[in-house]
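The structure under discussion appears below in the form of structure tokens.
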Amino acid sequence: MEKSNGLRVILFPLPLQGCINPMIQLAKILHSRGFSITVIHTCFNAPKASSHPLFTFIQIQDGLSETETRTRDVKLLITLLNQNCESPVRECLRKLLQSAKEEKQRISCLINDSGWIFTQHLAKSLNLMRLAFNTYKISFFRSHFVLPQLRREMFLPLQDSEQDDPVEKFPPLRKKDLLRILEADSVQGDSYSDMILEKTKASSGLIFMSCEELDQDSLSQSREDFKVPIFAIGPSHSHFPASSSSLFTPDETCIPWLDRQEDKSVIYVSIGSLVTINETELMEIAWGLSNSDQPFLWVVRVGSVNGTEWIEAIPEYFIKRLNEKGKIVKWAPQQEVLKHRAIGGFLTHNGWNSTVESVCEGVPMICLPFRWDQLLNARFVSDVWMVGIHLEGRIERDEIERAIRRLLLETEGEAIRERIQLLKEKVGRSVKQNGSAYQSLQNLINYISSF
């Protein structure tokens, strides 16, 4: 770690697994460059402060009822948090600035998740520089602002012959992907996106956990669109080992189990921290894994199967059969798993964090996106980078079995592994000295040091 530079940065993540982890990783990066770190966080999904003793954590009241904390409607949750947290955050920032003034310390800036829409005017009123931190792929963040226009232009229902047509204003999405995004979102969601766009353009800068090698065209176009400095500092976890900021407790028995498997023989299955499925879909995945006759490590998150606690829908005799070839856990140390020599493929929902982690470890993917940016990420994996196989939304045992066999056993899988190895090397070079992400990070450090 570099010597303290006397500057403090305040970070404010959204309280979701896919937002907290990258923000804590950013905190580690900035701390290693000499910045003191304060993390403001909600009571809901509070990060584990004891895991990061070098940071200062300040908890604010979020006003969520017990019922609201259990909602699976992410957009509703974010709306409620934005309504409830403005006043507590204002008071928290006011106290931090007053304390810094008394102690003759400089607070450089506020870095908050772009999903917090009240922080721009708040920071401006306190004369505090604000940067927006984004956990999406750059191309999705840039293009998703055209969704209101596409909603007006889309002629429904789609004809069968149109399903695979490209969406020219949102490449490389297909029309069937766009339809799923629009069906899951609402006109109110369009309004929220408009506010994010407005606040982004008013910010002092935008930080992405991506790099030119993954987002080159969108990066240059975004600089023109937003007219603010943009820093693509690379995959967050490539700067430091896995963060211990998970909201779930990983099953550490995964690693010794993987140690007993052959190289590149195991299919790892996880649909992330938010996606839910029904009992029929759970059974189709189970049968697909069983029929593939390949070893598997399957994460079934508690509460991820609608109507049940965990895997109660799978008959006991079938669980015994599954356990002969694979291992089912409630959560896994994903970065550690993907690094393991035994992993041959990743059946994923294609959240951006999971997608980038898979690329960085050279693990080819089977794409099963469910919502929002996952649909775009999956198209990049299967259609642009060609480092994965797309299930095209079909959660069917035969499709899953076939995809696993194609990836692990057939020559198609060998070609995919070669391509993802090349992509891994390109992204890896970006975070090393003189790489694009390394230079962007250095530019960010210099920029926030100048405030």
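Cβ atoms are placed via backbone N, Cα and C, with glycine included.
Annotated features in Swiss-Prot:
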BINDING   Ser273, 332-334, 349-357, 371-374  UDP-alpha-D-glucose binding site
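A map of Swiss-Prot features onto the structure.
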{"residue": "Ser273", "record": "UDP-alpha-D-glucose binding site", "CB count, 10 Å": "22"}
{"residue": "Gln334", "record": "UDP-alpha-D-glucose binding site", "CB count, 10 Å": "25"}
{"residue": "Gly351", "record": "UDP-alpha-D-glucose binding site", "CB count, 10 Å": "26"}
{"residue": "Ser354", "record": "UDP-alpha-D-glucose binding site", "CB count, 10 Å": "22"}
{"residue": "Glu357", "record": "UDP-alpha-D-glucose binding site", "CB count, 10 Å": "23"}
{"residue": "Asp373", "record": "UDP-alpha-D-glucose binding site", "CB count, 10 Å": "21"}
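Gly351 (UDP-alpha-D-glucose binding site) carries neither a helix nor a strand DSSP state and counts as coil.
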